[in-house]
Amino acid sequence: MKGLAFAMVVIFSVLLSLNNPRGESERAFLSVSSPSSQEPPVNLVSLASTKDFFMEMTDGEAQKNLDYDFYRDTCPEAETIVRDTMAQIYSQQKNVSAQLLRLFFHDCFIKGCDASVLLDDSNGNKNHSIEKQAVPNKSLKGFDKIDQIKEVLENVCPGVVSCADILALATRDGIVLADGPFYPVFTGRRDSTRSYPDEAMAEIPKPDDNITQTLRLFSLRGFSDRETVSLLGGHNIGKIGCEFIQARLNNFKGTGKPDPTVSPGFQNEMRIFCDDNGTRSSQNSQDWMSSQNSPAPAPSRGVLKERSSGRRGMPYFQQLSSSISSGRGFDTHYYQSLLKGRGLLFADQQLMANDRTARLVRAYASDDGSTFRMDFSRAMMKMSERRGLTGSEGQVRVHCSLPLQTS
């Protein structure tokens, strides 16, 4: 019965997520690999092979002790509560989807999906460093949203639903609310009692990583080039914080100059969003003087409103909206921006610096988004199944920021 139920869920999720024809994607993906390449061809994924992929995940090591609808007996309303609470949050704060997607990624990338990134102390020791304090994690947001969902669940099913499962489910539901694809999420994760700040500091991909380093870090966690490129497509929602952009404008890799791969025109556009006066940043003493480039255009009313609100960042969709028509938020505009040399992060634009990943970018950008959505679904499911804690391992925290006190 479990296998039959899961098969039905998979078929439903694929049909729900892929509601557009593929158009040119088949031809694009069939020609992604050059004849001389030693790598196997990248073929378009069929509906049947997608189902096989999901079914195979039920037998892998990552899937051990996880189950679809794990709380069916202990907290039958768990997933409904997560979904409904996320809908309420999203109605008031649309950027929650991007916040939780990043939070989920940073959690699962280190030691698997165990909610260790949510901890305010490690193993009950408030003097021990925590993942939140690692530089790559200092700008994470959405912790309060997970706490909000946890509080509702604790009122209904005390001590039952783990914070790791809440984060996995809420992220998926947030993606769907942002018009992204649905994918099945297995549950039964347990929460870590300790945090891993050193690993987070060393192993979370950085915005200024080159393509070699990015692919290496993903490969160490079992992700192929194709899965890596599809996961990075998650940058198509939310905003890229200005703190990750300003170095490219003013002090790229400590040179005191902007990233030479960014065109002067695009530099000026980014300065409108992210420099304090539209021409140079006050946060770096080695700024690139605006007189060396053409004058930046005057900020639009929308940009001025963005600045005055204190929400300083730049979304891929907005910086492309004047030149590219995108029918949905979760489509191919991220990949189209890379083709135009308009990647906001150095690590993003580096996808065009490698023949293999550049071919994947072109392939994802070539259709209506259905191929990207399918691959993103598969990769997100794989990310969610990264080996964390299950069974008798770990614990179920009552408060997501604090481990249970054990006698």
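Keep in mind that glycine also has a Cβ here, set from the backbone N, Cα and C atoms.
Curation does not apply to TrEMBL; its annotations are automatic.
The following features are taken from TrEMBL:
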- 1-25: signal peptide (SIGNAL)
- C75-C157: disulfide bond (DISULFID)
- H106: active site, proton acceptor (ACT_SITE)
- D107, G112, D114, S116, E131: Ca(2+) 1 binding site (BINDING)
- C108-C113: disulfide bond (DISULFID)
- C163-C400: disulfide bond (DISULFID)
- P205: substrate binding site (BINDING)
- H235: heme b binding site (BINDING)
- C242-C274: disulfide bond (DISULFID)
- 275-312: region 'Disordered' (REGION)
- D287, D331: Ca(2+) 2 binding site (BINDING)
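Inclusion criterion for the binding-site residues D114, S116, E131, H235, D331: a C-alpha placed within 10 angstroms of the C-alpha of C108 (disulfide bond); this criterion is met by D114, S116. In terms of Cα distance, none of the recorded positions chosen from D107, G112, C274, D331 sits within 10 Å of C163 (disulfide bond).
For the pair S116 (Ca(2+) 1 binding site) and C242 (disulfide bond), the C-alpha distance works out to 26 angstrom. Cα-Cα distances to H106 (active site, proton acceptor) place C113, P205 within 10 Å, out of the recorded positions C113, D114, P205, C242, C400.
When the C-alpha distances from G112 (Ca(2+) 1 binding site) to the recorded positions C75, H235, C242 are tabulated, the minimum falls on H235. Around the Cβ of C113 (disulfide bond), the number of neighbouring Cβ atoms within 10 Å comes to 29. C113 (disulfide bond) is 26 Å away from D331 (Ca(2+) 2 binding site) when you measure Cα to Cα. For P205 (substrate binding site), the spatially nearest entry among the recorded positions D114, C157, C274, C400 is D114, judged by CA separation. Among the binding-site residues listed (D107, D114, E131, H235), D114 has its Cα nearest to the Cα of C157 (disulfide bond). The Cβ centroid of D107, G112, D114, S116, E131 marks the Ca(2+) 1 site; residues of that chain outside this set whose Cβ lies within 8 Å of it are C108, I110, K111, C113, A115, V117, A164, S192, S195, Y196, G388, given in sequence order. Here the CA atom of C242 (disulfide bond) lies 14 Å from the CA atom of the residue listed as 'heme b binding site'.
Of all the disulfide-bonded residues in the list C75, C274, C400, the shortest Cα-Cα distance to D114 (Ca(2+) 1 binding site) is found for C400. If you compare Cα positions, D107 (Ca(2+) 1 binding site) sits closest to C113 out of the disulfide-bonded residues C113, C242, C274, C400.
The Cβ neighbour count for G112 (Ca(2+) 1 binding site), using a 10 Å radius over every protein chain in view, is 21.
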